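This report refers to the structure that appears directly beneath it.
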Amino acid sequence: MARRLFLLLLAVTAGLSLTGTTVRAVGINWGTEASHPLPPSKVVELLKSNGIVKVKLFDADPKVLRALSGSNIGVTIGIQNSMLKSLNASVKVAESWVHDNVTRYFNGGNRVRIEYVAVGEEPFLQSYGNQYKPFVIGAAMNIQNALVKANLANEVKVVVPSSFDSFLSESGRPSSGHFRADLNKTMIELLSFLTKHHSPFFVTISPFLSFHQNKNISLDFSLFKETAKAHKDGRKTYRNSFDLSYDTLVSALFTIGFSEVDIVVSKIGWPTDGAENATSLTAEAFFKGLIVHLEKKTASLPRPPVETYIESLLDEDQRNLSAGNFERHWGVFTFDGQAKYNFSFNHKNQVNAQNVQYLPPKWCVVNNNKDLSNASARALEACAVADCTSILPGGSCSGIRWPGNVSYAFNSLYQQNDHSAESCNFGGLGLITTVDPSEDNCRFSIQLDTSHSSSQTPNFFQSWPLLLLFLLSGLF
């Protein structure tokens, strides 16, 4: 063990001269899983006005890429997991994808500064099993070959975002870090590919999930508080959760022979709703601590990430909830581009999205003059298809009582369906009002008025776990 620790120390110390001691850039993830997404042109204005110089996308939406043209923002475009099998099977499919989603944006004066193609979105997530893993390396190779054929391989690098659970240490000590046993062979293949083509290793670091899943990780330790109890590993002392996870990854890379690969933290964040300690105050404390920590020269990070991408720009009311109700609340900004807390990318004041177009100031609430014996059942129906995560335990609206929480559910469906009168019927129990029913910190939102509105109900099978939670928690 002592020899292994010594070799690991040599490896990370050697990296000091290769990567420097400060983070090169902080970017942000821009997801679009929203029923009423903020128009891409508004989002690009938001990025530029807040000094955000890099953005990571989860797909290659033409509307988004057109909005980014000429912005000089560094862009990572994503390939969804559902495409991996076909990309692995056919070079022609990969060439077609590169032509449609990369090459066309390099032509003309308003080009998009595409820097990376991310093959898959955390395809090694443990809950996926072998659903995507067999196709990842082949898909990445075919995309790489397609970029070579298009004469773009020197400008655009191929990467594969790895999940927070792809590496671990059963003992909790970073020096014992390793990749999951079922991933070892795949990781060696992936890292060999990345090293050959001078591409970085993209990976999620999640102090928030570490805090929620590990009773030995305190909130203060997660938020970079100086008062946090330190964790020791041999002679090394860890004073925050980020360093603990990051060095576990460094050790895992060293263990399989890739200690010098550049690391990009492709996702790191703290949600503001949907779970205990998921608040604007804790998110602000986390990000301020993170940025200060990444910017300062510190011996605790001898090989800092070359880039870091915050999760995420905006809240998204259509995100899958399998990981938790907080999934729809990662945004630094609300769904309509309004800052949730004081945090700056460029050491200046935050700038909100400007001239946002909303639906008229109307809400749907429960009609207290009706027989409400069936109101709870109607609220459950609404929450099966609309976003009600804020009224679940730990949410920002969990404190409002019945029938206020019923009104919240009614309004969520009403807003999602663009104020259609039918969506506020609920068997005669709904009432459309122009009086804002918001209570204290519980905001009854008005949706965006945008031509990009989907006005559709989410897949019920995506929402049924939330419905089950409502039934079990007895909120209604």
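We number each residue from 1, going along the chain as drawn.
Using N, Cα and C of the backbone, Cβ positions are placed for all residues, glycine too.
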Return the single candidate from Cys397, Cys424 listed in Swiss-Prot as disulfide-linked to Cys364.
Cys424
State the count of C-beta atoms found within 10 angstroms of the C-beta of Asn277 (N-linked glycosylation site), not counting that atom itself.
17
For Asn216 (N-linked glycosylation site), just give me the three-state DSSP call.
coil
Report, as a single number, how many Cβ atoms besides its own are within 10 Å of the Cβ of Asn405 (N-linked glycosylation site).
25
Cα-Cα distance linking Asn320 (N-linked glycosylation site) and Glu122 (active site, proton donor), given in Å to the nearest integer:
14
By Cβ count within 10 Å, point out the most packed of the disulfide-bonded residues listed: Cys364, Cys424.
Cys364
Would you mind reading off the Cα separation of Cys424 (disulfide bond) from Asn374 (N-linked glycosylation site), to the nearest angstrom?
15
Nearest to Asn216 (N-linked glycosylation site) in three-dimensional space, by Cα, is which of the glycosylation sites Asn101, Asn184, Asn277, Asn342?
Asn277
Long-range neighbours only, meaning 6 or more apart in sequence with Cβ under 8 Å: which ones does Asn342 (N-linked glycosylation site) have?
Glu284, Gln350
